[in-house]
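See below for the structure under consideration.
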Amino acid sequence: MSDAPPTGSGAPPPGRAQRRRRGRGPYVASAAVIALVAGGAAVVLATRDGGTPATANTSPVTTAPITRGDVIDTESVDGNLTYSGSRDIPAPGQGTVTWAPSEGSVVTRGHTLLRVDNKPLILLYGSMPSYRTLREGVDDGKDVYQLESNLQALGYGSGMTVDKEFTSATAEAVKEWQDDLGLPETGEVEAGQIVFQPGAVRVGDVQAEKGERVAPGGKAMTITGTRPIVHIPLDTSKQDLARKGARVTVEMPGGKRVPGRISSVGKVAKAGSERDSNPTIDVYVTLTGAATGGLDQAPVSVELESDRASGVLSVPVEALLGLREGGFGVEVVDGAAKRIVPVETGTYGGGRVEITGEGLREGMKVEVPRS
């Protein structure tokens with residue numbers, strides 16, 4: 001949300017294109033103070049008064065330094081916290097569900113996703129889906145390589161070579177694995193016994209609860225990756241705010257603020273969900289090392305960067321004085337001496353405003369109301 005003064009404040013709208021140089025003279029503050037709201041801050045009206053000192057504000061005041069750095073303006077948009085890589089998992093066969101995981105639980109390599117008639121559906125890591133029975137003599141393939149890689153990672157197949165060929169050594173490793181799982185030691189792995197995924201998964205919705213009857217191919221559960229992401233259905237009129245790789249701030253339910261980075265920006269517009277809504281594009285944000293408390297489908301607010309001024313002088317917005325002859329100034333404090341310096345304002349953001357003015361430099365003190 002911009003910190004710029006609202007329309008009707010008597011000040012020109014903020015923005016670099018709006019700047020113009022103001023005349024300079026012996027400005028001092030009037031004893032009559034007019035408060036102008038500027039992003040929630042009071043702006044004091046100063047007048048030309050023949051050089052006679054006057055009190056600018058009877059309220060307690062303090063000073064703040066002029067700093068050099070980036071001033072960033074943001075705009076808040078709505079999003080939803082979710083998880084990456086959603087996928088439906090079908091029931092491995094006909095029967096009764098004898099065990100199902102709890103929603104939100106994380107399943108890792110070699111562990112069970114579901115049990116039907118007490119037969120486990122096991123998660124293994126790999127990019128190619130399981131589509132055939134793997135046994136000795138089967139055609140070489142990437143799925144064989146994935147199976148052997150997982151067996152080795154789980155501690156099986158000391159005499160097995162990890163390649164694309166299913167050998168007798170592979171069959172022996174499978175039998176050892178099946179024995180530990182309490183399964184018949186066939187040396188073969190049916191397609192419905194395993195699920196290949198790129199890594200650990202998070203259980204989303206569970207459709208097949210314990211005790212329910214399932215049929216082959218029926219939807220059993222939804223799984224996702226374990227990495228939390230934010231989905232933003234961004235109005236196409238605001239698509240210039242979303243740049244891949246840009247840093248953002250996400251406000252979680254309860255007010256916690258966590259950093260993130262835009263990971264992808266959609267290129268195809270989608271119709272709005274309501275009749276009078278505008279088309280949107282899908283924007284995804286990856287949270288950078290922040291805990292989410294296991295929340296899923298929770299509404300969040302995302303601050304997207306709308307303007308940035310780099311390496312500029314800035315002061316708190318509250319330091320601005322509205323000059324009677326137009327424009328703004330700041331009151332520079334140097335020991336017991338004070339002087340008002342007319343300034344040109346630039347980007348507003350984060351409670352600060354970019355300024356330029358005669359003789360201003362980093363480290364100078366300006367007067368601000370005491371909070």
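Yeah, the Cβs are placed from backbone N, Cα and C, and that goes for glycine too.
Whatever TrEMBL says is automated annotation, not expert-curated.
The following features are taken from TrEMBL:
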- 1-24: region 'Disordered' (REGION)
- 1-10: compositional bias 'Low complexity' (COMPBIAS)
- 26-46: transmembrane segment (TRANSMEM)
- 49-68: region 'Disordered' (REGION)
- 54-65: compositional bias 'Polar residues' (COMPBIAS)
- 141-189: domain 'Peptidoglycan binding-like' (DOMAIN)
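Shown for the domain 'Peptidoglycan binding-like' (141-189): DSSP residue counts in helix, strand and coil, namely 26 helix, 1 strand, 22 coil. Model confidence over the domain 'Peptidoglycan binding-like' (141-189) is summarised by a mean pLDDT of 97.
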